[in-house]
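Remarks on the structure that follows.
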Amino acid sequence: MFVDSVEIIIASGKGGPGMVSFRREKFVIKGGPDGGDGGDGGDVYFEVDNNTDTLASFRGTKHHKAKNGAPGGTRNCAGKKGEDKIIVVPPGTQVFVDDALWLDLVEPKERVLALKGGKGGLGNAHFKSATKQQPTYAQKGLEGVEKCVRLELKLIADIGLVGFPNAGKSTLISTISNAKPKIANYEFTTLVPNLGVVSVDEKSEFLMADIPGIIEGASEGKGLGISFLKHIERTKVLAFVLDASRLDLGIKEQYQRLRLELEKFSPALANKPFGVLLNKCDVVENIDEMAKDFCTFLNLEAQKLEAFGLEPYLGFLHPHLTSDFENNPNEKSALFVLPLSALSALNTHALKFVLLEALP
């Protein structure tokens, strides 16, 4: 089950109480105080685990508390510190307190201290003085800290797929990566985001994210896309997946409507480097002319993608690819326009290299 938002209560441990005791030895009638200090309460940490990409483990487990510190002992023995609570979260988890961002956990194996445990109380040995040789009191341990927090997951991926329902995004990610999403010939087959690792060669790989299809009005809450657009906010490059076979909505209109929804949701998201994939090209006549015309529409002065071992349908590549985005952050031209067929794996092998080259 994919879960990307939960509310939990976290609490650090209470400090253990100090001990009231006196030294007892043979022939010693009144030994001095020797009560030990209480142990500190356990701390609460958040730890990033790369092996998970959902917050589903928090369903049904609302309270997460560290252990209390142990009481102090006799003979000046300090109590044991309470056991820490390690809360494991997927990379990209944000922690909110009262709707304000508190922690943003993105680094693999990152461990962040969230709450410090209460300090253990002092034993009566600390309170001996010239006028008080036999103190009969010790400190209580300090209380721990409790917070109600909301965990929000924003997946971290290199490439984010954007498209209308049934454009073939799920088929594409299943073809070129290790992801195994549900695939069917109807809209909204994808109900949750999917992550897949794309292996290009023995040394190179990148992470791809597929979110549920976007419909018009998604930025205003229609359909499923708005709930998951946040999952492509962290991606480095967007890939617009357009259905070249649609008769009711051309590729230019598909692109314009998708971009409009992104701009409404987040201008920063809409300004990310991007490329365009013309899917289902194997059932379209004159796909090369369609791709050339689309490049003109995008004002893309492109060169053919002959170096990537393409199938009969050629793609088009922005000259110098990523350097233009690095040197001109306001550049809006596409990095590539590539006809392909996810179903028949046409040009999908070349796509891996194109996407790898497109990454900053």
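Numbering starts at 1 and runs along the chain as displayed.
Every residue gets a Cβ built from N, Cα and C, even glycine.
Taken from Swiss-Prot, the feature domain 'Obg' applies to 1-156. Look at Swiss-Prot and you will find 157-360 tagged as domain 'OBG-type G', backed by sequence analysis. What Swiss-Prot records for 163-170, 188-192, 210-213, 279-282, 341-343 is GTP binding site, and it gives sequence analysis as the kind of evidence. According to Swiss-Prot, the feature Mg(2+) binding site maps to Ser170, Thr190.
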Requested in this report: Mind telling me which of the binding-site residues Lys169, Lys280 has the densest Cβ neighbourhood, counting other Cβ atoms within 10 Å?
Outcome: Lys169
Query raised in the report: Which entry in the list of binding-site residues, Asn166, Ser170, Ser341, has its Cβ near the fewest other Cβ atoms, using 10 Å as the limit?
Result: Asn166
Report task. Quick one: give me the count of other CB atoms within 10 A of the CB of Pro212 (GTP binding site). Result -> 25
Query - Where Ser341 (GTP binding site) sits in the secondary structure, as DSSP reduces it to three classes - result: strand
Report task. Determine the most Cβ-crowded residue among the binding-site residues Gly163, Val192, using a 10 Å radius around each Cβ and all protein chains in the structure. Result -> Gly163
